[in-house]
Amino acid sequence: MKSLILAEKPSVGRDIANALNLQQKSNGYIEGKQYIVTWALGHLVTNATPEQYNPSYKEWNLEDLPIIPKKMKTVVISKTNRQFKIVKSLILDKNVKEIIIATDAGREGELVARLILDKVGNKKPIKRLWISSVTKKAIQEGFKQLKNGNAYQNLYEAALARSEADWIVGINATRALTTKYDAQLSLGRVQTPTIQIVKSRQDEINYFKPEKYYTLSINVDGYDLNLKQQKRYKDKKELELIEHKIKHQEGKILEVKGKNKKSYAQPLFNLTDLQQEAYKRYKMGPKETLNTLQHLYERHKLVTYPRTDSNYLTDDMVDTIQERLRAILATDYKSHVRDLISESFSSKMHIFNNQKVSDHHAIIPTEVRPSIEQLSQREFKIYMLIAERFLENLMNPYLYEVLTIHAQLKDYNFVLKEIIPKQLGYKALKDQTSSHTLTHSFKEGQLFKVHRIEIHEHETKAPEYFNEGSLLKAMENPQNHIDLNDKKYAKTLKHSGGIGTVATRADIIEKLFNMNALESRDGKIKVTSKGKQILELSPSELTSPILTAQWEEKLMLIEKGKYNSQKFIQEMKNFTFKVVNKIKSSEQKYKHDNLTTTECPTCGKFMIKVKTKNGQMLVCQDPKCKTKKNIQRKTNARCPNCKKKMTLFGKGKEAVYRCVCGHTETQSQMDKRMRDKTNGKVSRKEMKKYINKKEEIDNNPFKDALKNLKL
């Protein structure tokens, strides 16, 4: 009798097979003497669509809503049906005695496996592999500590409740809004409050009125001492009066006080913090960062589990620090690593905190030594960010002295603060020295003459627009960006971790861009006209982050066995009735402000112009008609002058490529340039890209080489 291991992806399945020395490869699984490992392809089973409950639901009608199934159904995803049949046959195999779930260790990973097992009707015992990295050592250690599957039943119930609630609310709210206003509109418990967060910031900026204010400083022996102000001076004349009073007067040093301080590195990365830092440093979007992390985790085995919300490690990991450091010797930080390897580490260090680690600890390097030349540029950047933060947290704190000098001139007090570094500590990693040593020796009681008096003009600044990095952080802490009028709700949001999860926020932002509710211009995220109207037409409960925070709090209670999942689902059904009825009874109107005079070639209705991340397209205004046409899109063709990516306008022989520098090429000119560049041949990479993306061959720069390609 053998144990069947169910992994989430083929790559992880192969890693497990390698760690357990399983040699016999078959179609869809790998077998050994004791184990068989098979895999899903992400989800193999999903919630049924409305039309799979009743064919009449294929047509979207307001009268049919709400659609509330008595019992939720699941279906096998047609694209992955072949693999599902393989997994099913293995689960039901008489030679299989038990199932070991080895999907991602978290709520969604549990759902992937349990939906498959439930669909098959599994009755065999279940065990759980729970690991935070897929290195050979981690897998082998994990198999020595397999848990009983029953210990994760509550986790599954929470995942299932989340999935069913999102279906019930999302399907009905979206269909209600779309059919009521005859427009492609989408609602969701996370995406709609996210639009509201961006809208609130946008309003704050639009209504902001800058105000001038003034400060005064005196210069003593080359050092500026600032006037201690009880208020912000908006009238320059007030400071001019003070200037007149102290001019040519003698001052006195009242106090010279030094205070030693220390600062620690920023916490180890969780996913949101890493996505924010990657955007700040490299302008990498959250989705791009997550995908890169997945490669580092699954393919290269260089980092631990990415989808974590924790900034800490568990104290039992203290003995693994040295081997992780040895792995980083392969990087440019090797000199700092050598200094650390000789040290001993204690679980009393600030990075260890069992209470602040739930499913997974912070993202840190594994013990696998990186082959830098095998990493892509993005993978290298993200790995180095993680290694850098890991090392900073192991290094000594930054020690410095804050020297404060208080002075008096007439009836006015002045202050000078200087930071004097004592020990760079973790700052030595990047040599972050921005302060200087105070060379003048001020003494208490010392008299001085003022060399110069200056009045400085300042202006209040509006808050900045969100970018993809800062919006993630705002979703994690929405209570800081929306006026909730109740401290209780702010506490709920803080406790529940905001709206969405570390694993879903990047997808939500991407979806809002794709549905044209948000747009990003020069890194500034703004709400589109469509996004504003979605907020105006939506029931207020769905635009506030409070609701989704309350849901998340209940899901966390379900995970802990402290709340009934069926009660939660019934609450969601009641809520859905309320939302649908509000939409039905609304007398508001939706206005397409981007309607064009171009007729849809399919149904004849006028099309609307929408912005996408890579350009613009025309979409039929009728949500039942799926016709789309590209107006312009960014291509991979580079400008011969400035090397930037060119934008394609139009299609076919009439297409034109334009660059921001002003360079323009017709399709025939582009074809000739690419033929000359490639000698009429096309690379395997370009061929694969064409096959995967199904680009229009008329507007592919390599079309002459591709046109004879048989697919």
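In case you wondered, yes, glycine gets a Cβ from its N, Cα and C as well.
Residues or ranges marked as active site, O-(5'-phospho-DNA)-tyrosine intermediate by Swiss-Prot: Tyr305. Positions annotated as Mg(2+) binding site by Swiss-Prot, on the basis of sequence analysis: Glu8, Asp104. Swiss-Prot lists 2-135 with the feature domain 'Toprim'. The domain 'Topo IA-type catalytic' feature in Swiss-Prot is assigned to 152-580. Annotated region 'Interaction with DNA' per Swiss-Prot: 186-191, in sequence order. The feature site 'Interaction with DNA' is assigned by Swiss-Prot to Trp60, Trp167, Arg175, Arg307, with sequence analysis given as support.
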Within 10 Å of Arg175 (site 'Interaction with DNA'), Cα to Cα, which of the recorded positions Glu8, Asp104, Tyr305 are there?
none
Using C-alpha positions only, work out which of the recorded positions Glu8, Trp60, Asp104, Trp167 is nearest to Tyr305 (active site, O-(5'-phospho-DNA)-tyrosine intermediate).
Asp104
Give the three-state DSSP assignment (helix, strand or coil) for Glu8 (Mg(2+) binding site).
coil
A 10 Å Cβ contact count, applied to the recorded positions Trp60, Trp167, Tyr305: which residue has the minimum?
Trp60
Helix, strand and coil totals (DSSP H, G, I; E, B; other) for the domain 'Toprim' (2-135):
50 helix, 33 strand, 51 coil
Report the DSSP secondary-structure composition of the region 'Interaction with DNA' (186-191) as helix, strand and coil residue counts.
1 helix, 0 strand, 5 coil
Any idea what the model's mean pLDDT is for the domain 'Toprim' (2-135)?
95
Trp167 (site 'Interaction with DNA') - helix vs strand vs coil (DSSP):
helix
Spatially closest candidate among Glu8, Asp104, Trp167, Arg307, the listed recorded positions, to Trp60 (site 'Interaction with DNA') (Cα to Cα):
Trp167
Relative to the Cβ of Asp104 (Mg(2+) binding site), which residues of the same chain, six or more apart in sequence, are found under 8 Å away?
Glu8, Val112, Tyr305, Arg307
